[in-house]
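Enquirer: Right, I'll just put the structure down here and ask away after.
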Amino acid sequence: MKTKYKSPYHGVNSYIMKDFPSSLKCINRSHSSWDVARLTNSAKLKVRTMSVKFSSLIVSILVLLPILFARTPPSDDLHNKKPNAFDFLKNLQGCHKGENVTGVHELKHYLEKFGYLSDHVDDDDFDEFLESALKKYQTNYHLNTTGTLDAETVEKMKKPRCGIPDVVNGTSTMQPGKKKRHDSTKLHTVGHYSFFPGNPKWTHLTYAFDTSANRDILAPIFVTVFSKWSAVSLFTFEEIADYTVSDIVIGVHSGSHGDGNPFDGPGGTLAHAFAPSDGRLHFDADESWSTSTVPVAGSIDLQTVALHEVGHILGLEHSEFEGALMYPSVEPGVRKDIAQDDINGIQALYN
């Protein structure tokens, strides 16, 4: 009999802690002032205050006034000083086969990271292999298959996205088509949705937060996330304290963090996940994250990304359908929920 997961955090709209650390930033703009917090595990919360204490000494007042009335700026002003990870694409717009353009090697790395290009020479030559990889990308995203890095392709590639590849062992996980024979080396694709190799299945999973993550901020969001997946599947989820033995381990990291998949800073790879029993789910600490109950312009919705990554953990791969939760990218200020395409996929896998 399936046990329903009741959230102890029902009704909580904002999470403000006294001690957060230094990396993953979360914004809640449901209040009139900016509440800027850190979602990793140590650091102090800075909150704007408009209360002014007057001193009898006029010199002290003049010195303190600029500080006391200083407004804590929005998260984007505080945090995103580094250029977006995918901004290099703008400088390459229009390049095509036969050209040698400074920065093309970065395009090769991008396409390799997401599975479109395997072995390649680390140079700036736009060769036939790069053209073929770009055409495969354009096909997956329903763009004109020109093989040229045109404006439409650049715009799509620049969007913040999941770190899980779109192509595995040369096979696109995003293309609909015939059911593929089930074995341990191929992806099983049905409609828009697709499954991890081997169609792995779990029904009850434990989860925990590692020492990099601030549980007080993240736990309420994951209660909602797991409840949503439980509502459309046979899954039950249970939080435990010991992340060394849990099926899912949730963490927050910057750059290279030991799993062979380094994060790339703001505006690039948002998160990635591994199937149980490995079960690691990592968020990029350098993104500007929102935990608001409504979408926040300029910030990535943490709940949306968490829902997407848990979908991977449960066995789903990326969808070509832009309306699906399992679509690879999500824009700032957008909240997505589990769509019918995602429900079809999870039910086909487990029912």
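The backbone N, Cα and C atoms fix where each Cβ goes, glycine too.
All TrEMBL annotations are machine predictions without curation.
The transmembrane segment annotation in TrEMBL covers 52-70. According to TrEMBL, the motif 'Cysteine switch' annotation covers 160-167. Annotation source TrEMBL lists Zn(2+) 2 binding site at C162, H308, H312, H318, M326. The domain 'Peptidase metallopeptidase' annotation in TrEMBL covers 198-351. Here TrEMBL flags D247 as Ca(2+) 2 binding site. Taken from TrEMBL, the feature Zn(2+) 1 binding site applies to H257, D259, H272, H282. Positions annotated as Ca(2+) 3 binding site by TrEMBL: D264, G265, D284, E287. Look at TrEMBL and you will find E287 tagged as Ca(2+) 1 binding site. Marked as active site by TrEMBL: E309.
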Enquirer: Could you pull the average pLDDT for the domain 'Peptidase metallopeptidase' (198-351)?
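Expert: The average pLDDT of the model in the domain 'Peptidase metallopeptidase' (198-351) works out to 93.
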Enquirer: From the centroid of the CB atoms of C162, H308, H312, H318, M326, the recorded Zn(2+) 2 site, which same-chain residues not already listed sit within 8 A by their CB, in sequence order?
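Expert: Going along the sequence, the neighbours come out as I164, E309, G311, L316, E317, S319, L325, Y327, P328.
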Enquirer: Do any residues, 6 or more residues outside the motif 'Cysteine switch' (160-167), come within under 8 Å Cβ-to-Cβ of it, and if so which ones?
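Expert: Hits for the motif 'Cysteine switch' (160-167): 86, 113-116, 136-137, 140, 173-174, 261, 263, 267-273, 287, 300, 305, 308-309, 312, 317-318, 328-332.
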Enquirer: What three-state secondary structure does DSSP assign to C162 (Zn(2+) 2 binding site)?
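Expert: Coil, per DSSP.
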Enquirer: Quick one: of D247, D259, D264, E287, E309, which of the recorded positions has the smallest count of other CB atoms within 10 A?
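Expert: Lowest Cβ count within 10 Å among the recorded positions (D247, D259, D264, E287, E309) is D259.
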Enquirer: Cβ-Cβ under 8 Å from G265 (Ca(2+) 3 binding site), same chain, 6 or more residues apart: which ones?
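Expert: The answer is K82, P83, N84, A85, G255, D284, D286.
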Enquirer: Across all chains shown, how many C-beta atoms besides its own are within 10 angstroms of the C-beta of D284 (Ca(2+) 3 binding site)?
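Expert: Here the count is 29.
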Enquirer: List the same-chain residues at least 6 positions away in sequence whose Cβ sits under 8 Å from the Cβ of H272 (Zn(2+) 1 binding site), in sequence order, or say none.
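Expert: For H272 (Zn(2+) 1 binding site), the qualifying residues are C162, G163, I164, N261, L281, H282, E309.
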Enquirer: Of H257, H282, H312, which of the binding-site residues has the most Cβ neighbours inside 10 Å?
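Expert: The residue with the densest Cβ neighbourhood is H282.
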Enquirer: Could you measure between D247 (Ca(2+) 2 binding site) and E287 (Ca(2+) 3 binding site) for me? Cα positions, answer in whole angstrom.
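Expert: Cα of D247 (Ca(2+) 2 binding site) to Cα of E287 (Ca(2+) 3 binding site) measures 26 Å after rounding.
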Enquirer: Where does E309 (active site) sit in the DSSP three-state scheme?
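Expert: Note: E309 (active site) is helical by DSSP.
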Enquirer: Just give me the nearest neighbour of D259 (Zn(2+) 1 binding site) among the binding-site residues E287, H308, H312, H318, M326, Cα to Cα.
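Expert: Nearest candidate: H312.
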Enquirer: How many neighbouring Cβ atoms, not counting its own, are there within 10 Å of the Cβ of H308 (Zn(2+) 2 binding site)?
Expert: 28
Enquirer: Using the centroid of the Cβ atoms of D264, G265, D284, E287 as reference, list every other same-chain residue with Cβ within 8 Å of it (recorded Ca(2+) 3 site), in sequence order.
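Expert: Neighbours within 8 Å of the Cβ centroid, excluding D264, G265, D284, E287: A85, S254, F263, P266, G267, G268, T269, L270, A285, D286.
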Enquirer: Across all protein chains in the structure, which of the binding-site residues C162, M326 has the highest Cβ count within 10 Å?
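Expert: Per the Cβ count within 10 Å, the most buried is M326.
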